[in-house]
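Visitor: Take a look at this one; I'll ask things after.
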């Protein structure tokens with residue numbers, strides 16, 4: 001708890017009294033302890049500083065407490081040392097190879113990275129995606145080579161051992177995926193993420209896709225002992241298709257250009273269908289007899305390539321093939337033609353969708369550009385303006401990848417918008433000195449309200465004399481502040497992270513005008529924050545509002561300082577300030593002779609007062625002598641009295657110019673207060689309205 005300021009002041013006066021008593025001249029024969037005196041002075045100095053800080057805190061409660069953080073105890077220091085020893089980086093390991101030393105990470109890091117977690121997040125764990133790639137390779141091996149080995153005579157007794165080794169490796173991948181990885185993959189149940197291995201295992205066993213995985217791993221190869229090595233017994237390995245499609249989804253989610261992989265995958269689908277058709281054609285030819293008719297394969301050349309060529313021409317409906325002759329050939333060819341038309345058209349449509357999705361942004365940009373150009377041509381916009389518009393479109397699309405970022409962010413929830421805004425813009429806004437000390441959540445709310453605008457080279461961001469309602473934060477590029485007599489002199493160049501226009505934003509009265517021109521130097525991307533948006537945010541953050549208002553007062557004080565004038569000569573006259581100009585009314589009153597005219601007016605006033613008193617006494621005496629009412633005498637008009645002041649010296653009139661009226665002072669005699677009427681003086685440069 002902080003001590004109260006009253007107690008601090010009492011202690012301060014006590015030590016001040018002690019210091020004053022120690023500073024007095026010691027009596028003779030008394031020795032002063034210099035060390036104690038120095039310590040007392042140091043204590044008094046610290047108490048004064050502390051009292052000053054508390055006074056400022058009472059005036060401005062926004063300031064933080066001056067109390068320092070408590071020091072750590074010995075036990076805490078020992079624990080910190082132990083933690084530092086544990087987190088101490090390990091020594092570098094080097095491997096000698098051929099005359100060179102290669103740096104390698106220790107074995108512990110490898111083991112820690114390869115160790116499987118208790119549960120696997122299939123959306124974020126890259127190791128799981130790598131494992132799915134391995135299982136997908138094994139699945140494609142079975143899908144492509146099981147039909148090939150079953151139909152074509154490529155599996156012979158001499159190479160059977162090699163086929164069996166590869167089959168065993170693929171089966172091991174299937175088993176590891178079923179027993180090790182799949183029971184650890186997290187899933188959602190009622191909005192909760194299930195991470196328990198036991199619950200995950202029970203859920204996977206009841207899943208239909210998991211049941212297909214179990215069927216795909218059944219060992220039908222035991223039939224090899226009865227029927228020989230026939231690849232048809234491995235046909236169940238082709239049922240593990242869910243892993244293949246899951247790998248496609250996870251890979252597309254992490255790729256920057258997923259449409260490239262989609263095109264490759266669609267092409268693979270087409271090649272696989274042609275591969276199956278080639279295998280069926282060779283099987284039909286073998287059933288009919290190789291070379292028995294013109295339609296079947298004649299047995300010459302590479303059997304697989306010749307059959308694949310026939311499948312391509314059949315499915316793509318190129319034509320030019322021999323006509324089927326037997327009933328079996330006709331029945332085989334009719335579904336082949338129908339399947340070819342259906343599959344080929346479906347794959348072409350899918351390929352068109354993939355390419356259209358990949359070029360959707362470019363098509364939208366082109367349509368916007370064409371619409372804008374058509375509008376400008378309709379209203380005969382000058383070519384200079386049209387070229388600037390085209391430049392803005394091209395630069396905005398190249399720098400952002402799209403024309404409007406807000407359209408993309410509006411589809412996301414507020415939390416995701418805030419996360420993206422923090423990652424992209426928080427580092428820039430956090431460097432602004434104006435917002436230092438403000439609440440971090442207030443800055444987060446402000447990030448969501450910032451508007452990004454791109455300015456072309458030479459564009460005016462703001463002009464001198466405009467009403468300022470926004471503040472600008474430079475995100476990218478540079479701007480120049482122009483000034484000087486002609487407004488072309490570069491006063492300062494502002495770069496990324498700089499702020500300008502904050503005085504107009506923070507001024508309470510509003511109506512502040514821009515004091516200089518600000519021009520974009522090159523392409524500049526600026527954040528704009530208007531005054532209305534900031535006021536809406538500060539309603540919920542009163543402490544940050546106090547800090548900003550305090551900084552606004554300081555900025556306004558700095559702005560209101562008078563610019564230093566030219567240096568004055570160092571003499572006795574420089575000790576006195578410059579004499580202010582005499583007001584025009586006083587000039588008219590004083591006349592040409594300055595203080596002399598004012599003295600004449602005062603003298604006339606005194607004489608008039610004396611004359612009024614004498615006239616009043618005489619009128620009363622006469623009325624009493626004649627027996628008249630003095631009030632009626634006072635109501636009679638009074639004759640003017642000629643002034644006894646010397647007449648002013650008249651100037652000779654000029655023939656070419658009209659005579660100007662001179663200042664005339666009228667004097668009247670009355671029992672009321674003095675009335676002085678004046679006309680403009682030609683000497684003071686006044687004009688009669």
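Using the three backbone atoms N, Cα and C, a Cβ is placed for every residue, glycine included.
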Visitor: May I ask you to indicate which of 249-266, 267-284, 285-302 is given in TrEMBL as transmembrane segment?
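Guide: Checked against TrEMBL: transmembrane segment maps to 267-284.
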Visitor: According to TrEMBL, which of these ranges is transmembrane segment: 86-106, 107-127, 128-148, 191-211?
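Guide: Per TrEMBL, the stretch marked transmembrane segment is 128-148.
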Visitor: Of the residue ranges 50-71, 160-181, 226-247, which one carries the transmembrane segment annotation in TrEMBL?
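Guide: In TrEMBL, residues 160-181 carry the label transmembrane segment.
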Visitor: So how many of the residues in the domain 'Cyclic nucleotide-binding' (434-538) end up helix, strand or coil by DSSP?
Guide: 25 helix, 46 strand, 34 coil
